[in-house]
């Protein structure tokens with residue numbers, strides 16, 4: 001392994017050294033190890049630790065549960081019937097696998113922002129990390145704009161409950177007025193809402209956390225009230241048959257509602273602002289009396305760890321809370337009304353209206369506004385922290401790395417993401433934005449919002465993070481060992497991960513297009529064989545802090561299932577993925593490779609250092 005902190009900056013063309021491609025490859029393969037005790041708050045220029053466990057849990061819930069809890073549950077129930085409850089349980093179980101991986105890495109890198117980008121940088125290399133960032137950012141930008149448009153529309157609908165305003169609010173204010181055949185759709189309210197939320201986020205994390213806490217608590221209370229109000233209207237006969245269209249419809253529903261859980265990963269991006277992210281090791285000294293002799297024995301080998309698990313608790317706690325809320329709503333809505341009579345646009349509200357409980361529909365509208373607000377707020381928050389991380393690493397201009405000295409917020413990054421979302425939300429409608437994301441096969445506009453904010457979380461976020469857990473567990477002393485021919489153990493392990501991902505995609509394609517089940521079985525067997533190679537040919541070490549159980553099995557299953565879900569998306573999403581990746585490589589080749597900070601001495605935060613990956617690694 002090359003010496004840590006060595007300068008790997010690619011040479012300029014005037015240096016007469018290696019050629020452009022060799023310099024690009026050398027730069028692309030850099031990795032960044034990060035000390036678990038890194039302190040970015042040095043010199044008063046870092047973020048401040050103000051988020052406790054309660055705030056982190058609500059942050060994850062706020063990002064996950066939007067207006068879709070009142071819509072997507074009933075929409076999927078139209079196909080899966082009461083079995084939609086099982087769909088949410090299956091999707092929740094799959095998300096738990098991803099959450100366990102995020103929890104381990106958040107505990108392992110508790111002091112630096114970056115999330116999936118950061119983990120990829122440490123586990124794989126610089127270029128892969130930049131690709132992850134670009135895929136996430138496109139979804140975040142377009143997702144924020146789409147949610148802002150929907151929030152503006154909901155807000156106008158809420159205002160129209162006032163009699164003298166109904167029908168008198170111009171469409172260009174909140175619903176959008178189209179020009180040039182629908183290519184442009186002017187919406188004034190959406191950018192205004194984005195400016196307000198961006199201002200709150202710029203003011204301070206304490207203030208924005210307070211807003212999220214209030215809105216998320218309001219949303220949870222409304223969901224609980226809706227559930228209790230619906231319990232008294234449930235007719236258990238509506239739950240029979242429980243899976244009217246068979247188990248396949250339940251599985252298909254699980255692939256759709258999986259998007260509804262996306263958001264718990266936002267907690268990982270708040271690592272630098274969590275109050276207690278570190279792992280503290282404490283050595284105990286035990287005195288004992290043995291026969292007639294007093295002996296004082298130091299049991300240093302019998303050390304135990306006091307784990308400050310704010311980040312893992314925030315990630316897993318928010319996800320489990322979302323599972324409970326979704327399952328409760330599913331049971332109520334399918335018990336109130338036969339699944340065949342559920343509406344498409346607002347099934348839960350229509351179900352309560354049919355029962356004469358119109359006051360509940362008002363609560364649902366308020367909950368929808370609160371849900372979209374928190375989803376948008378947390379999304380903008382996460383974006384700015386990702387830009388902050390890349391600005392610090394030099395992969396983006398240094399202006400993104402600046403933190404306000406008194407507010408302790410990444411002011412320039414926050415303003416940038418707010419402006420991008422405001423321009424998109426003010427000029428394009430939800431349909432146009434969703435077309436950019438190419439997820440047209442999903443079945444509902446609000447359901448689409450979840451897909452928008454989660455497409456690349458699954459393909460480049462969740463899958464890569466799960467793979468990072470495996471690679472970071474490998475024993476460094478064994479990665480240089482040779483495997484077959486010129487292939488190293490490290491290369492063999494990465495190849496196995498790629499095979500598992502490809503097998504998951506192939507199995508998903510077989511399921512989607514109803515190919516012969518034999519092909520799906522073959523893909524599964526190949527994935528199992530690759531899994532055996534990872535299990536028995538690699539040496540794993542336990543990380544400090546929270547540990548994902550069942551490594552490498554749990555992360556492998558997570559990668560396989562995530563890619564199976566990716567295969568369910570429209571093929572245009574795959575094209576978009578490839579095209580955006582090529583553009584990202586171009587940006588990295590022209591800017592990132594030359595400006596990335598290569599050593600701790602060049603970086604304002606001395607705890608961050610770079611080193612090249614092992615010479616045996618690709």
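Glycine too: its Cβ is placed from the backbone N, Cα and C atoms.
Checking TrEMBL for transmembrane segment across the ranges 34-55, 56-77, 144-165 points to 56-77.
The stretch that TrEMBL tags with transmembrane segment, taken from the ranges 423-447, 448-472, is 448-472.
Tertiary proximity for the transmembrane segment (546-567) is limited to same-chain residues at least six positions away from its ends with a CB under 8 Å from its CB atoms, namely 94, 97-98, 100-101, 103-104, 106-107, 255, 258, 307, 309, 311-312, 458-459, 462-463, 466-467, 469-470, 473, 497, 500-509, 511-512, 527, 531, 534-535, 538, 540, 573-574. A contact links the transmembrane segment (484-507) to the transmembrane segment (513-534), because at least 3 Cβ pairs that are 6 or more residues apart lie under 8 A. Sequence-distant residue pairs (6 or more apart) of the transmembrane segment (84-105) and the transmembrane segment (313-339) include at least 3 whose Cβ atoms are under 8 Å, placing the two stretches in contact. In this chain, the transmembrane segment (246-268) touches the transmembrane segment (56-77); three or more CB pairs sit within less than 8 A of each other, excluding pairs fewer than 6 residues apart. In the domain 'Cationic amino acid transporter C-terminal' (546-595), helix, strand and coil residues by DSSP number 39 helix, 0 strand, 11 coil. Among the recorded stretches 217-234, 246-268, 313-339, 573-591, the one sharing the largest number of Cβ pairs closer than 8 Å with the transmembrane segment (111-133) is 573-591. Contact count against the transmembrane segment (217-234) (Cβ pairs under 8 Å) is highest for 359-382, out of 246-268, 359-382, 573-591.
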